[in-house]
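Here is what TrEMBL records for this protein:
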DOMAIN    1-236  domain 'PDEase'
BINDING   H106, D107  Zn(2+) 1 binding site
BINDING   D107  Zn(2+) 2 binding site
Amino acid sequence: MYEKAVRAMAKQRVALDVLSYHAAAPQEDVDRFKVRAQTDLNIPSSQQYDLYSYDFNDFHLDDNDTLKACIRIHFDDVSFTLQDGEMKNILGALETLALLVGCLCHDLDHRGTNNQFQIKTMSPLAQLYSTSVMEHHHFDQCIMILNTKGSEILSNLTQEQYERVLQVLESAILATDLALYFRYRGEFFNLVDSEQADWSIDEHRNLLRNWQVLADEKNKSERDEDDHENHNKEDH
């Protein structure tokens, strides 16, 4: 009973946190973006934004270009995964849809701290989720948005298709927990080295998707760390 009460209180506090934050963009921002989108639907390339340069900064970007840059960098990551090599011949349409949604939603309502911080400070989120604290929260926020009026992009799927997309989506978002990196890496390479990999088997497909997502996240994290170090050197 006590644990249930603690969880209920934690849920209430998390809900209040979310409500105090922008779970949805203000209507005036949406209207302003729509007006600008009518005359400029183009999403500039990563080269135009210089996104992958260590010298990149977003200080000169207005709100419209910041949004476009976010869309570009996320879709570049997932497009490379889905369109290059054999991945495009392995993953089906529903898996691809789930990964596209996941690439945009895997850091929703990020608090700027890692899972260990959440656990050590006994935050409300840590009381809700015992493992992969932030990743579970990101997934829950994703589901909340997908169920919000005007954002139900999965509403035309059948029940079976909907459940499949959510299954892949949840697995992919939870796989962005960098604490799982060595586990997934070991499992994936052991499977490949054994020459027993069969991508028609759902368990193997799940491992392939999750390893690719986690490898992308690891690559992004290391780039961010290198970028931070380079800026520190410049400051000194």
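Any Cβ shown, glycine's included, is placed from N, Cα and C.
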Across all protein chains shown, the one of the binding-site residues H106, D107 with the most other Cβ atoms within 10 Å of its Cβ is H106
Averaging pLDDT over all residues of the domain 'PDEase' (1-236) gives 80
